[in-house]
Amino acid sequence: MTRQKATLIGLIAIVLWSTMVGLIRGVSEGLGPVGGAAAIYSLSGLLLIFTVGFPRIRQIPKGYLLAGSLLFVSYEICLALSLGYAATHHQAIEVGMVNYLWPSLTILFAILFNGQKTNWLIVPGLLLALVGVCWVLGGDNGLHYDEIINNITTSPLSYFLAFIGAFIWAAYCTVTNKYARGFNGITVFVLLTGASLWVYYFLTPQPEMIFSTPVMIKLISAAFTLGFAYAAWNVGILHGNVTIMAVGSYFTPVLSSALAAVLLSAPLSFSFWQGALMVCGGSLLCWLATRRG
């Protein structure tokens, strides 16, 4: 396989991941926030056994296995439930944007905990990403304090889970980089996520799961998307141009919002797109800070 082809396959993973906000929200409307997420990750985990493979548990570094599984499961649960508990389709897309603070936070964590060199660009990068999220939450008025507070109070749990999830994923990336030693535990982690969600589903009161044709289509699409995205990303990381893939991944907030708007039939305002571009720009500045550090 040529390097260009592998890079293209890796970039396809970014496109696939960008559909997850819309698909997870669509599935949760029929199967419930918890039941829908449990079904998605269970099916995805089974698919990953065939696309990525099941690792030999004993060979995986214990630190990575324990910390990685805890952080990965926690993050995926935060993400899925933040989207499922959102009050409206538009709010689900906003919640997804809050979660996209993770690229900037990942670089910050790499600087703080992994000794990543950096320069002054990291400060405006982090600030721009944070302002971008606030701009999105301000609705049509942009950076408007009262609108931001009013928006958050309509569904505080969703925004809280998305915000905490961004920090958890940044921590997961830091742990993986430091302790994985080339091992990939993604199949185990996704299966653990599904199992954890099923335990939560059966131990707590949950809405009835309503299986309709549209919901089943979205469920299968979400499971296959997640399964093939991780497989495609692995190909890109192993054989492609990692720099191009890294830059491409920082435009995920815009692509994800656009695809979610189509999947959920939720048109977005010009102010939203301004905020989304700020989040992307902030992430790119953080990345450039490490390249020139």
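Cβ coordinates are placed from backbone N, Cα and C, and glycine is handled just like the others.
Relative to the membrane, Swiss-Prot puts Q116 on the same side as T243. Each of 7-27, 119-139, 156-176, 183-203, 244-264 was scored by its Cβ pairs under 8 Å to the transmembrane segment (93-113), and the highest score goes to 156-176.
Per-residue confidence over the domain 'EamA 1' (6-137) averages 92 (mean pLDDT, predicted model). Below 8 angstroms of C-beta separation, residues 39, 80-81, 83-85, 201, 206-212, 214-215, 218-219 of the same chain, each at least six residues beyond the ends of the topological domain 'Periplasmic' (28-33), sit close to that stretch.
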